[in-house]
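Undergrad: Below is a structure I'd like to ask you about.
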């Protein structure tokens, strides 16, 4: 088991200049009045200072997470094999392709090895570039090879420093988004501070560096910042075209670097759809965003050798359906309240039916089954029938795919983030409901607005998008803990924007009959400054203590196993075992695997279930036959899985296998009536007794406190 122990001492842009913050800067016809000379100079100074602060905070965050990583593992002092083992589970698999490209004789040979890979899955040749999102590893390895840095920087440091550098991009994008929404860079600074002080819930980059989300989320944040700018009113055509280009590039990079991109962008598309239906966003801009999502995803599809999972994504089906439905219903936004509601209900039904039909048709044509495990998981998770499906239960039993723990909210509340977020969310939700009702009822004519100007509630398009975005991603995070990082980072943006927003304070003060322009400005700046001072006073000592705490990576059993494999097995040997461990075997030793953690392939899922029979109640002959069918030479058994206690009964891997095989589970507790006792004992336990029925197929060649390695006999 990998552990962390105490270290032994002896061991050797632009932001707000074209969107008026006050209504007095806009003519009745919507044109912007020129700023007075003093105001223009102040804007330039504010943008310059805000930009410098954004870059500084981004770089400091990058250094902060890099220092935490070094302090936690003593990364600079441990051996190469220990560094590689620290890239746990799928992280190690992704990094292995970077290492493979670095070690290849040439770039062309390295690319050929990825396109025709026969070491990731034994007795199969697969295209890694088609199956996995590893273009970032390819690009980084090529960059490392062509830059004159080999003598000064090890490949692993070039890799991790790039990821930590992307954290700077992430923070700057969050900062800019909050600045754009509120009109003051103070909001961006508050968002960055909340992101850092809530680091446990906003990022896990320091201990899961190569994870796909750590590559993708910075680009997603850039995309959201660009969309926020795009949705501003009075945007000049040249700037609008430039912003659309930034949105496209960020969408493309986000899609290229994470296999779950389609599900995240589907939620984004739903947000756009809702707001467009309620007439809260300009239809032309929403259409462009739909097209950008489709084109970005299709470009990734081409680069991934026409990956069928992308073509069969719900996102493409949904966006195409919306565009078709809008063509059919041309007068969607005309009429009174009841007329509009009727049209909207029909519109939603048409979009829903078209989405399902198009998606079903595409999957039928392509015979696509790569993502069926996700829908099985969702069906079981939300109570649409129990399942014995091994893959679905494997996800259901993992804490990361469970509901968001309640203690998350207590941590977020300790920094005041959740309290402020709830306050802003409530106010803007009320405003959104009022604006939506007014839009649908057709009561937003200019004359009425002029008569009721003092009492009319407004919500800018960019703020409306941010509101629906945070609500939908909040629902995702509440249902699936692993996705909380998409919500909590935007929570920082949303809360800081609300605290620094003239519109929010104006609305609140008007409700309390305390509104004056001067009072609004005082509250808008004083409350965020007080909040920043509170956060700094309360959390700065803890951050300093965290940075001074020194630990060391310590996993001698895994190090011993990897060294033994490299020294005592042929380079062509095929290894079977758990997905998580085999990723490390590939990275550290380069040996061929039977299975691995990248689970988005039906054949691999079926293969993994078969390999995992080593932890089920099966006969030695059955297990031997299964392993040999995949060309296995060695099998690694882990006591931590065979005698697992981390999960409760019913969620241990051996329990999932027993149920899938129709066998009763071990231990005290209920079993389903149709489950029967197995005719054989558990393989991983019985093999250690060296009985003749086992030794004729398996010979133990290595063992330590954690691992047992058996060599398979080669019967004719």
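Including glycine, each Cβ sits where the backbone N, Cα and C put it.
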Undergrad: Identify the region 'Disordered' range according to TrEMBL, selecting from 1-34, 35-68.
TA: 1-34
Undergrad: Match it up for me: which of 506-524, 525-543, 544-562, 563-581 does TrEMBL list as transmembrane segment?
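TA: So the range that TrEMBL calls transmembrane segment is 525-543.
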Undergrad: What range among 344-362, 363-381, 382-400, 439-457 does TrEMBL record as transmembrane segment?
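TA: That would be 344-362, the stretch labelled transmembrane segment in TrEMBL.
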Undergrad: Who are the long-range neighbours of the transmembrane segment (296-324) in its own chain, taking Cβ under 8 Å and residues 6 or more past its ends?
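TA: Tertiary neighbours of the transmembrane segment (296-324) are 127, 129-131, 133, 135, 248, 251-252, 254-256, 259, 261-263, 265-266, 269-270, 273, 287, 290, 350-352, 354-356, 358-359, 362-363, 366, 368, 370-371, 600.
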Undergrad: Between the transmembrane segment (525-543) and the stretches 41-66, 242-260, 485-505, work out which stretch tops the count of Cβ pairs under 8 Å.
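TA: Answer, by Cβ pair count: 485-505.
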Undergrad: Hey, would you say the transmembrane segment (485-505) packs against the transmembrane segment (344-362), going by three or more CB pairs under 8 A that are 6+ residues apart?
TA: no
Undergrad: Against the transmembrane segment (242-260), which of these stretches has the most C-beta pairs under 8 Å: 41-66, 156-174, 217-235, 344-362, 416-437?
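TA: Maximum Cβ contact count belongs to 217-235.
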Undergrad: Residues sitting near the transmembrane segment (416-437): Cβ under 8 Å, six or more positions beyond its termini, same chain?
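TA: For the transmembrane segment (416-437), the nonlocal Cβ contacts are 194, 198, 278-280, 337, 409, 457-459, 463-464, 467-468, 470-471, 491-492, 494-499, 501, 504, 507-508, 531, 534-535.
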Undergrad: State, in range form, which of 41-66, 217-235, 344-362 has the highest count of Cβ pairs under 8 Å to the transmembrane segment (156-174).
TA: 41-66
